[in-house]
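Enquirer: I'd like to ask some things about the structure below.
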Amino acid sequence: MQRPIYLDNHSTTRVDDRVLAVMLPFFTDHFGNSASVTHAYGWAAEAAVTQARETIATAIHASPEEIIFTSGATEANNLAIKGVAEAHFAQGRHIITVQTEHNAVLDPCRYLESLGFEVTYLPVQLDGLINLQQLEAAIRPDTVLVSVMAANNEIGVLQPIAAIGALCHQHNVLFHTDAAQAIGKIPLNVQTMQIDLMSLTAHKVYGPKGIGALYVRRRHPRVQLAPQLHGGGHERGLRSGTLYSPQIVGFAEAVRLGLFEMELESQRIQALRERLWHSLRQLDGVHLNGHPTQRLPGNLNISVEGVDGQALLLGLQSFVAVSSGSACTSAKMEPSHVLQALGRAPDLAYASIRFGIGRFNTEAEIDRVAEGVVETIRSLRSISCGTRPIVPSSRTSSRQCD
Ligand SMILES: *Cc1c(COP(=O)(O)O)cnc(C)c1O
């Protein structure tokens, strides 16, 4: 049986062969612990980690000491949000974030609320962008952190990061951004964008899973952070644990390739996205979710009128791997919090598809998918008169994984 075409590149990506090639020697020949300073095995690992740190720092215009390796963006978000909150406990206990953030930002914020912090969850406009006046109005004397993602994982919307950074610095508030979807896809510059903390991950940009980093600004201002993992004092005491050298080397190569190929690749991927959208919008009652142009090149998120969300996903499963805007929490289906924040009615939020086009997709694949999606929607509409209630079952339920 042929596998479906992979268009779920916001969930994760295939590791690029060039990335795998640089990783492999670090599992075998160069297996040393980068913290072992007494022998050549350790030195080899240490040299590779140092080089990787430099590559990643350079890619975002930071310095190498400002890169703290983590297990991914979830851990980086936790370290940034809980670490800043804990270190600034005496100064203030108010945090500002946005309703459309990833759960790896929202959940640490909710946890801090349970400890007595106050969190403002800013709404978004219909296009998914925040309103800067609203952000400014939400800043209080006791605000210690603003956390706004660079690129949204569901609707691909790119927030005005540089303007947010400028606003935060004007008010002396630290600015964190979750750039898990942005690294290697759009230019990121922690200096011009005035970013104080930035979460990164490798596996959305053709690198390995289980590795990421937190950028932590050391000058103007020097960010104070409380570690969340204690142990051997690795990573300047901010994140203990033996460095995962094969993953770190792969992460750096993925970032390097992403940067090197960014311009051409985003043009190619965006053209594929436009091609897909051009075919799908021929149908009546198909709506684009999120800003039409201020979004990741490979993202297309649509809501479809007059079909049942669950039936739609089932119909697509055989030929395309995508995810939908409904997440199954325990026993009941819930429309995505992101689409709800855009003001999409539950029916339209359920019946949504997220396409994530990536490096390895071809024009022929996009054409096959477009044809199949149009056919599926037409046939679902012809057999149903309106939407039926959604009956969750363990086999057909989908979970948003990204
Ligand atoms: C994937 C993703 C994460 C989680 O990253 P992991 O490295 O898988 O922990 C966090 N935020 C966003 C926006 C993401 O897309």
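Glycine too: its Cβ is placed from the backbone N, Cα and C atoms.
Grabbed the feature section from TrEMBL, which reads as follows:
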DOMAIN    5-369  domain 'Aminotransferase class V'
BINDING   Ala73, Thr74, Asn153, Gln181, Thr201, Ala202, His203, Thr242  pyridoxal 5'-phosphate binding site
MOD_RES   Lys204  N6-(pyridoxal phosphate)lysine
BINDING   Cys328  [2Fe-2S] cluster binding site
ACT_SITE  Cys328  active site, cysteine persulfide intermediate
Enquirer: Could you state the CA-to-CA distance between Thr74 (pyridoxal 5'-phosphate binding site) and Lys204 (N6-(pyridoxal phosphate)lysine) to the nearest Å?
Expert: 13
Enquirer: Which residues does Gln181 (pyridoxal 5'-phosphate binding site) neighbour through Cβ under 8 Å, counting only same-chain ones at least six apart?
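Expert: Result: His10, Met149, Ala150, Ala151, Asn152, Asn153, Gly156, Lys204, Leu296.
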Enquirer: If we count other C-beta atoms within 10 Å, could you say which of the binding-site residues Thr74, Asn153, Thr201, Thr242 has the fewest?
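Expert: Relative to the other binding-site residues in Thr74, Asn153, Thr201, Thr242, Thr242 has the fewest Cβ atoms within 10 Å.
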Enquirer: Select, from Ala73, Thr74, Asn153, Ala202, Thr242, each of the binding-site residues with a Cβ positioned under 6 A from at least one atom of ligand 1; if none does, say none.
Expert: Ala73, Thr74, Asn153
Enquirer: Of all the recorded positions here, His203, Lys204, which one's CB has the most other CB atoms within 10 A?
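Expert: Result of the Cβ crowding comparison: Lys204.
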Enquirer: Between 0 and 100, where does the mean pLDDT of the domain 'Aminotransferase class V' (5-369) sit?
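Expert: Computed over the domain 'Aminotransferase class V' (5-369), the mean pLDDT is 96 on the 0 to 100 scale.
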Enquirer: Can you check what DSSP calls the residue listed as 'N6-(pyridoxal phosphate)lysine', collapsed to helix, strand or coil?
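Expert: Assignment for the residue listed as 'N6-(pyridoxal phosphate)lysine' reads coil.
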Enquirer: How many other Cβ atoms sit within 10 Å of the Cβ of Ala202 (pyridoxal 5'-phosphate binding site)?
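Expert: Total other Cβ atoms inside 10 Å, all chains included: 31.
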Enquirer: Restricting to the record's pyridoxal 5'-phosphate-binding residues (Ala73, Thr74, Asn153, Gln181, Thr201, Ala202, His203, Thr242), give me the longest CA-CA distance in Å as a whole number.
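Expert: Across Ala73, Thr74, Asn153, Gln181, Thr201, Ala202, His203, Thr242, the widest Cα separation comes out at 30 Å.
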Enquirer: Counting across all protein chains present, how many other Cβ atoms fall within 10 Å of the Cβ of Ala73 (pyridoxal 5'-phosphate binding site)?
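Expert: 30, counting other Cβ atoms within 10 Å of Ala73 (pyridoxal 5'-phosphate binding site).
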